[in-house]
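As recorded in TrEMBL:
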- 10-237: domain 'Orotidine 5'-phosphate decarboxylase' (DOMAIN)
- ASP16, LYS38, 65-74, THR130, ARG192, GLN201, 221-222: substrate binding site (BINDING)
- LYS67: active site, proton donor (ACT_SITE)
Amino acid sequence: MSTFEQAAGRLMVALDYPTAEEARGLITQLEGIPCYVKVGMQLYYAVGPDFVRELKKRGYRVFLDLKMHDIPNTVRGGANSVTRLGVDMFNVHAAGGLKMMAAALAGAEAALAGDPSLAMPTIIAVTQLTSTSQETLNQEIGIPGTMEDAVVAYASLAKQAGLHGVVASPLEVQAIKKHCGNSFKTVTPGIRPAGSAAGDQFRTLTPGDAMRQGTDYIVVGRPITEAKDPRRAAELIIEEMKEAW
Ligand SMILES: O=C(O)c1cc(=O)[nH]c(=O)n1[C@@H]1O[C@H](COP(=O)(O)O)[C@@H](O)[C@H]1O
């Protein structure tokens, strides 16, 4: 059985806000809970790298979720910049291909070579967004076959590129671990505590069920940020994770 702190360390709270003030408001409410925080495009495009530096100064582990997807040279540069910023984790789209993912790793390595005080961030690839259904995958995106096969194929490619793990739904965790090994990290959004609205998420599980699938981290946004009492909502999620350990 895990402790509350151990379980909290595997929760990533999505700071999906338009201003630093609102993000700080949530952080203040979650004070003392040793969770990861995720800065995504809404907050980063509004407030930029200074807010990430502020989070690092305050001792948070930061997942910078910018989902890079561009030509290899551009992604190498982007990965270099975010590594120099000192983030603990960042992501790219696996759909960018092997060379693009390898370029992300090379960009991070170049940053480390230039500044030995930096640590290698965990670099992960988005396989298929958790808002994507089987039907959307086949009919709109144009990838045939099952969602699980598509996710596993991208995960295998990410591993081949030297990345450290993937973003996927909790429903695919077991297949990813089976094909890529247990130490290959899975970061799973699409988390919905029982009774909470799915919203635009399609491939979902509860926090407890996601942990039982063997995921490394769960990502939670609105079930915490839109709760009447966000601290209580986060505590209940961590308790559920802890029970399922
Ligand atoms: O890379 C991500 O973090 C991500 C990938 C994915 O496939 N699905 C997904 O929901 N996310 C992010 O995870 C968070 C989920 O938020 P909620 O749906 O509000 O819990 C959002 O910040 C999304 O941008």
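Just so it is clear, glycine is given a Cβ too, placed from its N, Cα and C backbone atoms.
Bear in mind that TrEMBL entries carry predicted annotations, made automatically and left uncurated.
Location within the structure of each feature annotated in TrEMBL.
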| residue | record | Cβ contacts under 8 Å, 6 or more apart |
| --- | --- | --- |
| ASP16 | substrate binding site | GLY40, GLN42, LEU43, GLY221, ARG222, THR225 |
| LEU66 | substrate binding site | GLY40, MET41, TYR44, GLY78, VAL82, PHE90, ASN91 |
| LYS67 | active site, proton donor | MET41, ASN91, VAL92, HIS93, VAL126 |
| HIS69 | substrate binding site | VAL75, VAL92, HIS93, ALA95, GLY96, MET100 |
| PRO72 | substrate binding site | GLY96, LYS99, MET100, ALA102, ALA103 |
| THR130 | substrate binding site | ALA168, SER169, THR188, PRO189, GLY190, GLN201, PHE202, ARG203, THR204 |
According to DSSP, ASP16 (substrate binding site) sits in coil
ASP16, HIS69, PRO72, THR130, GLY221: which of these binding-site residues put a Cβ within less than 6 Å of any ligand 1 atom?
ASP16, THR130, GLY221
Cβ density check for GLY221 (substrate binding site), other Cβ within 10 Å (all protein chains) comes to 19
Within the domain 'Orotidine 5'-phosphate decarboxylase' (10-237) only, compute the mean pLDDT.
98
Let me know the DSSP-derived helix, strand or coil state of LYS67 (active site, proton donor), please.
strand
